[in-house]
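S.K.: Below is a structure I'd like to ask you about.
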């Protein structure tokens, strides 16, 4: 699960780093302190084709706006940015695949400590912004996201990233929370890249909590959306949210599909 993020009114804020201890299961929103060590960013970005931004937005002249929800400490956000703009070492072509495209990326996470770490280590502070935000709190997200968009005279993002976040929303907010979250992202993003966690990860997360003697996730046993989660999320986005599935970029070595949708 990629670190993520959401608190509801009933749940305490993320625990301090000390109280979490070394056990990753103690991060109830997936806000693991060393997430990128066990799921390195290259495992995802290597599945995405070179020149993806140019193929999605061939005529764009203004800066493209991206939203990365549940960014953890930012390693994957930075890797996505570099890959989409063709900034990695490339021996193949003299012109990078993203040439001529400018991307402003807003990355948010529920855990302020992880955000602080992301801000301190960001190699692109002018283009990538990190902010602590509970995306499931409408009173917090609406003014914050609207004010960011207004800076660019825009009402939506060109592309959204939701990388191994859906399970944490689902476990902490139930079926209704997952449906609301996906509908919100679909309304806010022209394209949406989603990496859903498979159902076996839900069981593993619940097991870790029990092993630590914690209460189970409030909604785990009552989830009616279960089983093949990539299929379920595709169905929700295409049938309920009027998006279309543009492409499936295959699976990471840890069995996560990368699915690209378009409004």
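Cβ atoms here come from the backbone N, Cα and C positions, even for glycine.
Values in this document were obtained by computation on a predicted structure and should not be read as measured data.
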S.K.: According to TrEMBL, which stretch among 1-34, 35-68 corresponds to the feature region 'Disordered'?
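M.R.: Checking TrEMBL against the ranges 1-34, 35-68, the region 'Disordered' one is 1-34.
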S.K.: Taking only the residues in the domain 'Bin3-type SAM' (42-263), give me the average pLDDT of this model.
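M.R.: Averaged over the domain 'Bin3-type SAM' (42-263), per-residue pLDDT gives 92.
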